[in-house]
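K.L.:
What TrEMBL records for 31-52, 73-96, 102-130, 188-214, 229-253, 260-281, 293-319 is transmembrane segment.
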């Protein structure tokens with residue numbers, strides 16, 4: 001006879017099922033959505049070039065084709081996000097060719113990879129470590145186990161054994177109801193909150209450390225901002241205001257806990273992507289245009305605070321609209 005579900009082996013079997021990063025079988029609907037998002041990326045870019053031709057330059061192009069790519073990565077995972085980014089960049093370059101460097105394609109691919117990894121970290125890893133997901137899985141397995149034994153006992157006319165099994169089923173069903181009725185997943189909320197604030201503050205410290213080593217002459221020759229310290233305040237303000245907003249949001253959080261976790265994930269990948277892509281795009285400009293790397297860095301980071309908040313609002317709004325339209329059996333929450 002089989003053992004009652006539980007123990008290390010049962011947990012490891014469950015854990016193995018949870019650690020995928022969206023490499024599940026695809027449906028026609030999902031393929032269609034990805035195709036639409038690639039098309040939207042290219043259409044955004046073409047329209048922007050028709051309105052303002054300078055948008056054809058890779059540094060500007062990224063702002064338009066990057067948004068749908070980020071949404072794709074956040075919903076479908078890093079692998080599909082990377083493919084979407086690469087295809088969108090190559091198709092847009094084929095339609096409106098300018099100068100090219102592989103770092104520009106890498107930046108767009110990264111815009112699909114990072115959101116997918118962040119989504120896995122918050123929705124999957126966080127759920128594994130701090131939610132009741134395994135407990136619910138185990139209790140359901142135990143209930144199914146005793147239900148099967150009860151059917152066997154009834155078929156064998158062993159009604160005393162069937163009654164004992166019925167009581168056990170009722171006991172575990174009550175435990176399952178109590179867990180599912182737990183309204184506030186405090187541990188998972190704190191996991192998302194601490195992870196987001198830590199990431200934002202770490203990026204502020206890294207930016208301050210990097211800018212403190214940049215020669216003063218770089219800022220002296222800057223057409224817009226001459227002071228290194230004022231520039232430091234501007235470039236870190238986006239991350240700092242996000243960290244402050246996250247703290248205030250957590251203090252006054254009373255309901256819609258899943259939405260809080262989703263917003264924390266969106267904030268994290270928007271901030272991290274802005275940090276990574278500034279470096280990639282600046283290096284790409286340096287290699288392609290033979291301009292100074294630090295001058296390119298200061299140029300790209302000047303609008304970082306605005307881009308971070310704009311990306312967050314647009315991406316999360318699109319995510320809330322698109323996500324319910326996609327049938328997805330895997331759990332992305334607590």
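Quick reminder: no glycine exception, Cβ is built from N, Cα and C everywhere.
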K.L.:
Six or more residues beyond either end and a Cβ under 8 Å away: which residues meet both conditions relative to the transmembrane segment (73-96)?
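P.N.:
Contacts of the transmembrane segment (73-96) (Cβ under 8 Å, skipping residues fewer than 6 from its ends): 21-23, 30, 33-34, 37-38, 41-42, 45-46, 49, 56, 61, 65-66, 104-105, 108-120, 265-266, 269, 315, 319, 322-323, 326.
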K.L.:
Ranking 31-52, 102-130, 229-253, 293-319 by Cβ pairs under 8 Å to the transmembrane segment (260-281), which is first?
P.N.:
102-130
K.L.:
In terms of Cβ proximity under 8 Å, which residues at least six beyond the ends of the transmembrane segment (102-130) contact it?
P.N.:
15, 18-19, 21-22, 58, 61-62, 65-66, 69-86, 88-90, 185, 187-188, 190-192, 195, 261-262, 264-265, 268-269, 272-273, 276-277, 280-281, 283-284, 287, 315, 331-334
